[in-house]
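K.L.:
Supplied in structure tokens, the structure appears directly below.
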Amino acid sequence: LLLRWRRRRALWRKVAKAQERQERSLVRMEAAVQRFREQHPSVNVASILSLPLPELSKKLRDGSLPPDHVFYAYVGKALQMATETNCITEFLQESETQARKAKQMEKQGLLYGVPVSIKDSIDCQGHDSTLGFIKNLNKPAAEDSVVVQVLKRQGAIPFVKTNVPQSLLSYDCKNLIFGQTRNPLMYTRTPGGSSGGEGALVGGGGSILGIGTDVGGSLRFPAAFCGICAIKPTGNRLSKRGVMSGVVGQKAVAAAVGPLAKDVESLALCLRALLSEDMFSLDSTVPPLPFNEEVYSSTKPLRIGYYETDFFTMPSPAMRRAVRETKQLLEEAGHTLVPFELTNVDYVMFNYCVRGMFADGGSSFVKKFKGEMEKGGTRLFVWLSKAPHWLKTLLSWISKPFVRSISSYTVDEVWSLHHELEDFCHQFIAQWKKLNLDVMLCPMLGPALGIGYPAKLSVAVSYTMLYNALDFPAGVVPVTLVTDEDEEQLKGYKGYYQDWWDRTLAKAFRGGVGMPVAVQCVALPWQEELCLRFMKEVETL
């Protein structure tokens, strides 16, 4: 007991020091902004913050806006959002030097002078990538991740790192080190996760462009919950070198790196910049596919598949309405909408996604929690992973197959699972091609759930995780706000299973009037440009 007490005290000391560092970061930001405002009192910060990214980057490149003016405008706004939502874990102090030097540099690179926020799990040289784990504190990255290196070569200025949930396997945003991040639109709601700090910062206007990751919706949840746009590319379209993962080694559910921004054109500009020779030479495992302008700027009418539900997680009234209204607008604009029927999503979720990610019985996942004090939103996963096989079998009789999925499998069974997943993917594509589709319109979970609910509702990731299992590019675009009528209809929400999970989800949706609701836009693998083109169409309409 004494040893345990001493160990916990040592951990708490580490946490206290990290929190002091975070506080010092915010104080430095405040001092830097104050200094700049005293030296440049006439700078119109509001007009800089109101510029969309394409316009801002054009002004930076043609010299009509100095990079330090833009930099300090965003540092000031980011500081405000950090105070309101607790989204920033660290200010990258070297970004100040980079902003000063940018004035003397040649105005090259598509993102010249653009301040960019970076998710905690993406390596920035000299800074921790904690994943919300105490054991990862004071272990600064030896070098920048490839994506950060490319951003810098394109002239961007990474300036802050943002908060994540412990282990990344949650769509809330809380850990023992930095605490809970709040939704900038309603503080009692989660900003989503695991790129929750990014969602809150970009959604609140404190960053014009953020970089996050997605293994089950971790870009799409924060974007949808905070009323912004994001795209999860095909898993290997952008480099993942130097990007820390929640579950290392699993191949069943594809992770991806991607951008978050206020509008689709900003996402397109970011991908244009990243899909450059720099990325392909720094990471030769990334296919050398530059951004396809022709596909993105095409205006030919699209043939669009759509569905309102996956018959596993019942959509909220606002989710269903978002798809219906978007479908109608697309039809009125001359596109063809074709119903697409999803089947066996429950099987996909439990047998491919959960089972694929925890095929070792969750042992590698549990190892990450060794010596940690908080299990956070993943407490259920950790407990189940440690549970003996007989208990898992017993529990699987009284719950969804969720429990049975977290068991150890033989190598033969894992290979069989991967083969089955490949077959499923080919069948899905065959159904897509039989209908001659270009893209797909799908629901996106929303509105933002109350803080703490995602930990109880891991199963509600079905709308997003499907496209990690298939490894299709998928983006989200906000299309509507929750109305009083949606809230009234929610009173009749029962769910498809009418179990504890469904009843909890009904409670989690409540009280969201005025909150944004998004739709998902999906394309076939490697067709990010077509996905963005479709997202742009939805956004415009």
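Any Cβ shown, glycine's included, is placed from N, Cα and C.
What TrEMBL shows for this protein is this:
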DOMAIN    73-532  domain 'Amidase'
ACT_SITE  Lys119  active site, charge relay system
BINDING   Leu168, Ser194, Val215, Gly216, Gly217, Ser218  substrate binding site
ACT_SITE  Ser194  active site, charge relay system
ACT_SITE  Ser218  active site, acyl-ester intermediate
K.L.:
Rank the binding-site residues Gly216, Gly217 by how many other Cβ atoms lie within 10 Å of each Cβ and give me the one with the fewest.
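P.N.:
Candidates: the binding-site residues Gly216, Gly217. Fewest Cβ atoms within 10 Å: Gly216.
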K.L.:
If you draw a 10 Å sphere on the Cβ of Lys119 (active site, charge relay system), how many other Cβ atoms land inside?
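P.N.:
There are 28 such Cβ atoms around Lys119 (active site, charge relay system).
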K.L.:
For Lys119 (active site, charge relay system), find which of the binding-site residues Leu168, Val215, Gly217, Ser218 come within 10 Å, Cα to Cα.
P.N.:
none
K.L.:
Over the domain 'Amidase' (73-532), what is the model's average pLDDT?
P.N.:
94
K.L.:
Using a Cβ-Cβ cut-off under 8 angstroms and a sequence gap of six or more, which residues of the chain neighbour Ser194 (substrate binding site)?
P.N.:
Lys119, Ser121, Val164, Pro165, Leu168, Leu169, Ser170, Tyr171, Cys173, Gly212, Thr213, Val215, Ser218, Gly246
K.L.:
Would you list the other residues of this chain near substrate - those whose C-beta lies within 8 angstroms of the C-beta centroid of Leu168, Ser194, Val215, Gly216, Gly217, Ser218 - in sequence order?
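P.N.:
Near the substrate site, the remaining chain residues are Leu169, Ser170, Tyr171, Gly193, Ser195, Thr213, Asp214, Leu219, Phe221, Gly246, Ala255.
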